[in-house]
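Here is what Swiss-Prot says about this protein:
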type: BINDING; residues: Gly220, Ser221, Ala222, Asn223, Thr224, Gly225; note: NAD(+) binding site
type: ACT_SITE; residues: Glu243; note: active site
type: ACT_SITE; residues: Cys278; note: active site
Amino acid sequence: MTQWIAGEWVEGLGEEFTSLSPYDNQVVWRGKGATAEQVEMAVKAARQAFVGWKTLSVAEREAVVLAFAEQVKENSEEIAQVIAKETGKPLWETRTEAAAMAGKIAISIRAYHERTGESQKEAAGNQIVLRHRPLGVMAVFGPYNFPGHLPNGHIVPALLAGNTVVFKPSEQTPWTGELAMKLWQAAGLPQGVINLVQGGKETGIALAESKGIDGLLFTGSANTGHLLHRQFAGQPGKMLALEMGGNNPMVITDHYGDLDATVYTIIQSAFISAGQRCTCARRLYIPLGEKGDALITRLVEATKKLRVDQPFAEPAPFMGPQISVAAANFILAAQANLQSLGGESLIEAKAGEAAFVTPGIIDVTNIAELPDEEYFGPLLQVVRYQTLEQAVELANDTRFGLSAGLVSTDDGEWQYFVDHIRAGIVNRNRQLTGASGDAPFGGPGASGNLRPSAYYAADYCAYPMASMEGEETSLPATLSPGVEL
């Protein structure tokens, strides 16, 4: 039973698909996808549940969400184990994701009250009241890299606002999506408030094209996000929130401070989660000269020693495999393409068993036209530069704008960087992959729109209703010109 529709677990009627553990290619989940007809059943179930859910008090909706948070905490180890088996991420990392699933709920609740909710004031004898109302049925598309944590950043704010949800997990991580829904069920969520539809491309197309949804909240690749953007053109009545990828630059200056701390910050930025975070550093700008040379030498040495292994290995690995063999092949093909354009590998990424790829670092300074692509894996491109102004200009030469970072102890360099860089997340002397759940998450350009995450998601899950109210009608002291009573 792979679909959860109107509170009932039912078998998919579409094509069979499986989830393979990327570190050994073993089947960890098997089921059938939802057909277009089943997707419509899920949308209708969400619509039928909408009125009852939105008319509950905020406190009542919040109580269900908090019950889900307790389920997540009580089952955190099972969540971590499932995510590790399905994504190949190290167990220490998936445990942090399970904890973040619960932590983000508290942020979402606070955000609802601070950014939406209700408020009123008196002005000129009138009560000015601001209320917020849910949009309706929200389609939520989840990614594979954080299959438990990231969908929560859409689903929980949507539910708190009074929306109902049809959730489609990534076809790479159906097991995690199924487990999350079972925890919602155990939390006492009313039937139809969330509906789960599993499947691949056809299931996703059917959900995105459904006339019954009022919005679509998406985290995933830029290519898919741009297709959705074109599909939703001319439909201003539907909310579309996109969080996509980035070709993220990290600039190191001669004032980088401690050598080992800088190397560690680069490794955490480029290779954590095997490079499968949308905020990972893809382009590394290093100054020409002795200090830059020393940094590269140390970075190469440290990268060669990174432990790459299956998630339950002892001692624990730093990173695991790519999500699939196809994803691994994509990284190797990208490396080969950069080499053909004139790039020189400082460490060559190599294929291992199943979907494993070792980290690669390639000097692309001599490539005249560097492809502006997101290589979603452990492939770091190095560019040598002469001046900070040149580095920032090169860093901004991208259609994306998700994250960027500067490593420098010089306050003047930081001020120049933050004044001229174009990105939504800009860090100094910290890894690019570091972000706060209280802060906006996202960036301009091809990286998306709005700011999907726990706190700012409240903004796109409800619309403001402004009212000017009085206890009764009243006549002004002077009637408008041309009016007689």
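Any Cβ shown, glycine's included, is placed from N, Cα and C.
Location within the structure of each feature annotated in Swiss-Prot.
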residue: Gly220; record: NAD(+) binding site; Cβ contacts under 8 Å, 6 or more apart: Phe141, Pro143, Ser170, Glu243, Met244
residue: Ser221; record: NAD(+) binding site; Cβ contacts under 8 Å, 6 or more apart: Met244, Gly245, Glu374, Phe376
residue: Ala222; record: NAD(+) binding site; Cβ contacts under 8 Å, 6 or more apart: Met244, Gly245, Glu374, Phe400, Ala446, Ser447
residue: Asn223; record: NAD(+) binding site; Cβ contacts under 8 Å, 6 or more apart: none
residue: Thr224; record: NAD(+) binding site; Cβ contacts under 8 Å, 6 or more apart: Phe218
residue: Gly225; record: NAD(+) binding site; Cβ contacts under 8 Å, 6 or more apart: Phe218, Leu242, Glu243, Met244, Gly448
residue: Cys278; record: active site; Cβ contacts under 8 Å, 6 or more apart: Asn145, Glu243, Met244, Gly245, Gly246, Glu374, Phe376, Leu402, Ser447
Cβ neighbours of Glu243 (active site) where a neighbour is any other Cβ within 10 Å: 26
Residues close to NAD(+) site centre defined by Gly220, Ser221, Ala222, Asn223, Thr224, Gly225, Cβ within 8 Å: Phe218, His226, Leu227, Met244, Gly245
Helix, strand or coil at Glu243 (active site) [DSSP, three-state]: strand
